[in-house]
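Before any comments, here is the structure.
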Amino acid sequence: MFESDVLDVPQRALTGDLPEESRVGELVRDAHSRFAPVTHGTVADYIPVLAEADPDLFGLSLVEVDGTVHDAGDTVATFSIQSISKAFVLALVCDAIGHEEVHRIVGVNNTGLPFNSVIALELNDGSPMNPMVNAGAIATTALMPGDTAEEKWWAVREGLSRFAGRSLELDERVLRSESASNHRNQGISDLLTSYGRLQGRSEEMVDVYTRQCSLLVTADDLAIMGATLADGGLNPITREQVVSPEVCRDTLSVLAACGMYELSGEWLFEIGLPAKSGVSGGIVAVAPGKGALGAFSPPLDRAGNSVRGQRACSYLSRALGLNLFASRPRPAKEGDHDA
Ligand code: GLN
């Protein structure tokens, strides 16, 4: 898919540490200038206000687990977090109810179908399948701590803000635009209710979910949020322990399997990192123990993943040696078994 982008890049097979700081910064800037001219993809318009996004905006941020930030392009431009919120709400829910319950109630397997598929629910006896598709995300939001929709919303906003290390604002225009056009999510949520799979009132849970998708972030925020998952739940900027290392492990495994929807397999094959995308053009890709990439560029591919964002992540994964599946033979040592 992206192999031709990286043929001339010196590739790191190492999965140990990142290269020295100056080299990381140089590669982030290089990725930005390399993919800025790409014009493929289409800006999402099924949520009317998203269609107004500037297709030329392109920001890349890499935050290391020690808090070092490397930026290129539009890294402080704000956009609604959309589906990337699902990753962090999952982490908060894992923290609140634990590994077993998330597995039992929501599931962790890819549907192989688009993120807003109704058929996926019907085919699986009403199981939402995983927290990264809309059905599973609405079911997961409903599991947030709080007795009322208002309390759950507060917990979502406060929790995501702790990941970002700053108070995240709600984009009222995006909320209004999506609320007026999200009949499909309402249908999915009603269907979940009919299968007895939604805790809480359908309309209210869709509203909390839509609010969480309307929180404003930047590429820098995404990289900080991802780097928190990369460092066992410790925010690298505020040094606050947001969730436990076990929650990060569980969340990242779901992102690897389902974060890029039905293209998650291709993404892993090319990039080899847990990641999450959103329809406004954001991507967060997490390199456990090292840091995270935050990308923003509105034009999307057919599954709803940012085109420039994916290509930049592919390039940086190769050049920085981030792919989780890469290794190279260990040099023989004295005492090794003879062949
Ligand atoms: N809020 C959007 C929706 O529910 C999120 C989808 C996405 O980012 N893929 O349709």
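Backbone N, Cα and C atoms are what each Cβ position is placed from, and that goes for glycine too.
As annotated by TrEMBL, substrate binding site applies to Ser83, Asn134, Glu178, Asn185, Tyr209, Tyr261, Val279.
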Where the record says Ser83, Asn134, Glu178, Asn185, Tyr209, Tyr261, Val279 bind substrate, what is the longest distance in Å from one Cα to another among those residues?
20
Within its own chain, what residues at least 6 apart in sequence put their Cβ under 8 Å from the Cβ of Glu178 (substrate binding site), listed in sequence order?
Ile47, Val49, Thr210, Cys213, Ser214
How many other Cβ atoms are found within 10 Å of the Cβ atom of Tyr209 (substrate binding site), counting all protein chains shown?
28
Given the binding-site residues Ser83, Asn134, Tyr209, Tyr261, Val279, return the subset with CB under 6 A from an atom of ligand 1, ordered by sequence, or none if empty.
Ser83, Asn134, Val279
To see if you understand the setup: which same-chain residues, six or more apart in sequence, place their Cβ under 8 Å from that of Tyr261 (substrate binding site)?
Asn110, Pro114, Phe115, Met132, Val133, Ser277, Ala303, Gly304, Asn305
Return the count of C-beta atoms lying within 10 angstroms of the C-beta of Asn185 (substrate binding site), excluding that atom itself.
22
Under a criterion of Cβ-Cβ distance under 8 Å and sequence separation of at least 6, what residues of the same chain contact Ser83 (substrate binding site)?
Phe115, Met132, Ala137, Cys213, Lys276, Ser277, Gly278, Val279, Gly304
Enumerate same-chain residues with a sequence separation of six or more from Asn134 (substrate binding site) and a Cβ-Cβ distance below 8 A; give 'none' if the list is empty.
Phe115, Asn116, Arg184, Asn185, Ile188, Tyr209
Cβ packing number for Val279 (substrate binding site), 10 Å threshold:
23
